[in-house]
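Asks: First the structure, which I've put down as structure tokens, then a few questions once you've had a look.
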Amino acid sequence: MKVTKLTTYRLPPRWMFLKIETDEGIVGWGEPVIEGRAKSVEAAVHELGEYVIGKDPARINDIWQTLYRAGFYRGGPILMSAIAGIDQALWDIKGKALGVPVYQLLGGLVRDRIKAYSWVGGDRPADVIDGMKKLAAIGFDTFKLNGCEEMGLLDNSRKVDAAVAVAAQVREAMGYDIEFGLDFHGRVNAPMAKVLIKELEPYRPLFIEEPVLAEQAEYYPRLAAQTSIPIAAGERMFSRFDFKRVLANGGLSIAQPDLSHAGGITECMKIASMAEAYDVTLAPHCPLGPIALASCLHVDFASYNAVLQEQSMGIHYNKGAELLDYVVNKEDFTMNDGYFYPLNKPGLGVEINEELVIERSKNTADWRNPVWRYPDGSVAEW
Ligand SMILES: [Mg+2]
């Protein structure tokens, strides 16, 4: 079998799908994207496609290593997201060619179901609690919310109190029947992270995500030394080489590689194994579409240390399309009591509504994240 063609579709809300065709008629789908820089990743996919066309798609390891190493320069969000989408599509092709779901090719099921969590948008406590109650009614008991709004490098106690009020009121309204993680989203720098984590600790959040940016990961062990709240990070780490130093330095309790940013299934299985060796759990980052989610689930079902799966149903920044809009076999993604179950169709197990993908990809608007400013006019992290 040989790869014959790569086609990309940029789609609402802020996604990109990749279709890889072969001379035997088997087609694989991947989801290579960096939210807000889809066109840059698209260009990279087509440049890297030169190394893939004409090759045997079964040789995933060789293609991956070629894409990573043969360009001399490597790593980073654009190149690793392009590789991720190609890698996902190749696993999809392999599974379809062999007639088995991808998790079988990864060694088979290590669990029967995986717990999912749901984002709750809104910065006011009442909105958060309202969102949680609706999601709890359909079976979710684990949530993630923003830990704070924009936070200055050195900010005032009113900002800290506002952040703490959300956690306090969530606990008051929902008790300990639910769990919630708090995503600092890279908005917080080391000086305020110390303060915030201390104040939030009494409300026992399940984890604090990106307490500081991954580029400041040397603070993770220092912050972990001051708190019992597990620290999560990984959506802005793009390979096992990025994770290596963070894992070795300690401080991380939950690794959150993104299957569409960190080299795909091939690389994230390795990241998962590295994390397991450090007693670090796995909770793949996934605010993206159905192919990314399916890829995550296959890794979760084959990785002992996987504990939670993010998913984007109803997520506040996906406007214009929902997780399963482009999926034919929606029923395979049905959650029960907040758990996902194995996808049992050959390959990734996602049947794409290609007609709709083609239609919706026409004149797709470019998504950009908001640009925030501090009161003094300097740029703030979103
Ligand atoms: Mg995050």
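Glycine is treated like the rest: Cβ placed from N, Cα and C.
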Asks: Of the residues Glu201, Glu209, Glu215, only one is listed by TrEMBL in the Mg(2+) site with Asp183, Glu235. Which is it?
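Replies: Mg(2+) site check in TrEMBL: besides Asp183, Glu235, the record includes Glu209 out of Glu201, Glu209, Glu215.
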Asks: Please state whether DSSP places Glu310 (site 'Transition state stabilizer') in a helix, a strand or coil.
Replies: strand
Asks: According to DSSP, does Asp183 (Mg(2+) binding site) sit in a helix, a strand, or coil?
Replies: strand
Asks: Measuring C-alpha to C-alpha, could you say which of the recorded positions Glu209, Asp258, His285, Glu310 are within 10 Å of His185 (active site, proton donor/acceptor)?
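Replies: So the list reads Glu209.
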Asks: Write out the long-range same-chain contacts of Glu209 (Mg(2+) binding site), meaning residues 6 or more apart in sequence whose Cβ is under 8 Å from its Cβ.
Replies: Lys144, Gly147, Gly181, Leu182, Asp183, Phe184, His185, Ala232, Ala233, Ile254, Gln256
Asks: I'd like to verify something. Among the recorded positions Asp183, Glu209, Asp258, Glu310, which ones have a C-beta closer than 6 angstroms to some atom of ligand 1?
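Replies: The ones that qualify, in sequence order, are Asp183, Glu209.
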Asks: Taking DSSP as the reference, which of helix, strand or coil describes Glu235 (Mg(2+) binding site)?
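Replies: DSSP assigns Glu235 (Mg(2+) binding site) to coil.
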Asks: Could you say which of the active-site residues His185, His285 has its Cβ with the most other Cβ atoms inside 10 Å?
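Replies: Max Cβ neighbours within 10 Å, all protein chains included: His285.
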